């Protein structure tokens, strides 16, 4: 739970100043620091980023009456409904976060003393 | 094992991240684009948000206040001229940065940098045409004038002040989709923008087609079918207006003006959908006793909107109107004393000269009995993802050699090419005209302002609170012998050169004519008594005649009655053609659906409105009728392009020469076709094709659906950012000229008087951002034919409930 919360918090702050791919660094770093298994690391990274992206995207969508979301949905999916756009956004962010989290965990495993 | 797993997962993680950080073909970098912190989400704007912002920017001299009204029009209050143009640049960039840069990139032949080698030919074309050469000349003209230079520098500084503070997350959405970043603005980009306007309005040419026609028909028949003055005409300068000047000596044509066309020049002819209306009604005809001025320029309907409304206020100026994003000042507008507007003249200011080179090295060319040196200009087209393409363009004193024989198959041994002599290559200080008009108080100020104008030549209409109205087809017109440049010219003879200019003071102009109004709709500038040659063919007179008929009839004219005239959908062309054509239809040869269609057309009141079925039939029929008459005589041949006589000549033919040989189809040697057959067959084909397209005659044939007016984003195919199938009547040749892709890009009506009041609308919105509530908010008002009152503020402290937000720029 802690890695997930940390990723949410740190990535949200990092993205205010750094390029979008800083989410990978955050997920990697947090999971390198602390994660139990590969699966948990992936989940923490995936969900941590996906939640931040989903919440922010949804807030923007609502605040702006969905003017742009509607147009982008039409551009990408030939439909006015923003559902797909609001799904694919956290999915993409989530994959980047998830794989970075997994990588953080696996790299850390190389340095852990405990033999397999 | 652990190491392997670690490496593998690292590899996947980095791979996924990198893959999403870069574009794949036409798919943009998805990670970056979808990030709510950096991607398109950041371009979404909140509706109805009022705000007060104070921004410190580099370059402003004193504090500038910008008030944005409920249509997002900036009202700029500056303490000096520099700051006014600085703030105009800043505000325009804030709303239109991508458009400004894209349009100037296009004009400069730099689209390949953005989208790759697909655009190389387009870029090469623009460079061959000498756009860059012309822009450099314009910049030279503007820089030599201290006033223009300062305006240009201020505007540039304002745009750059905006660009400088942008983070990638703030870039307009098109940059994110296409994957590039804005570059600093430079003064030459303003010149490029103006060149692009000249290209749109004054680069159509059919010299080659006309030359082929003359080769086929001989001079006499060519003159008969392609006359220098229309059968029906109501020129801009009213017939009977006296020319109050002594003309300069006209150049004489060379004895032999025959030329041939030995290379294929696929030059695009002028787009007839692009034109405009304007008029001014004098005090004796208006309800309020002060002149009213109206203007609606017809351009390609595109998004972001072509025009950007702005009010500029300094201690010495208070002007409101529309500007072109990328050029300082107001192009069409009004101040408290005067109002002005423009329509295109359509002067022949682009001619082609056949160049004879000394040898294949092409170092020298023959002119006026001498070998003269060829100048070489290297154009480097940078291409995204590919090596740059280098093009060497040969320049003669005429201008750039646009086409060389080896560009297309060519047999003759003499090395030749065609040089383009084009008005856009002249030193030019056109922004001075608008600088002066923005500050004009009197008729004389208007005349002075016009004298600086070069191209594209415009019919400048004028009205002021001192109760004057005026109009002038104005620009720098080459001094030519009659019909010079109607055909390709022999570039070796000095007599074929442009022989100087028509003196600016002798450009056609009329002030307060007896009929009580002035107007233009791209028809002939003058009747044949004008001593100089401007062009042999202008836009068809239908819009002009309809406007003049209505204005003649109208009394107690108001803004609202002129608004109705701007939205008039009476098909004047149909009213001339149908009474002549319908009696020729052989009803016995018609099928039932064709008879039904005929009945519909017979009952038509000539209103080309959204639901009109007869209008759909007529428009299609006329084009088939023209094919029926002319296609056999002027066959389509890519190697030898020809053109038909214009619609006015066709009208004359069916009206006055019903037994003419041209009705016979020369491809059927055993038969002699008659006008009855051509008219009937073209009608039958029209109905059959419409049935095939839309089913049986009925609602599905409605004009607006058939026409399908669309306002499209500048990036081709970006339907999601476009407005498609806009339900609006009118079309080509109709006062409300809303065609398929072109139409009224701005409608404005100004009631002059002690308290000027003005109204306007354009099909789009002030913001270029598809994520803004102001992107398309005016479209519906435009479609319905309504106007917004334009908020003309007298001072920064004036209270108006329409002001929504404030932006202050400080040093």
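Any Cβ shown, glycine's included, is placed from N, Cα and C.
What TrEMBL says about a protein is an automatic prediction, not a curated fact.
Per TrEMBL, these features apply:
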ACT_SITE  B:276  active site, nucleophile
BINDING   B:348, B:351  Ca(2+) binding site
Rounded to a whole number, how many Å is the Cα of residue B:351 (Ca(2+) binding site) away from the Cα of residue B:276 (active site, nucleophile)?
24
Write out the long-range same-chain contacts of residue B:348 (Ca(2+) binding site), meaning residues 6 or more apart in sequence whose Cβ is under 8 Å from its Cβ.
B:480, B:485, B:486, B:534, B:535, B:536
In terms of DSSP three-state secondary structure, what is the assignment for residue B:348 (Ca(2+) binding site)?
coil
Near the residue listed as 'active site, nucleophile', which residues of its own chain have a C-beta under 8 A away, given they sit six or more steps off in sequence?
B:295, B:296, B:297, B:298, B:342, B:343, B:344, B:520, B:521, B:522
Reduce the DSSP letter at the residue listed as 'active site, nucleophile' to three states and note it down.
strand
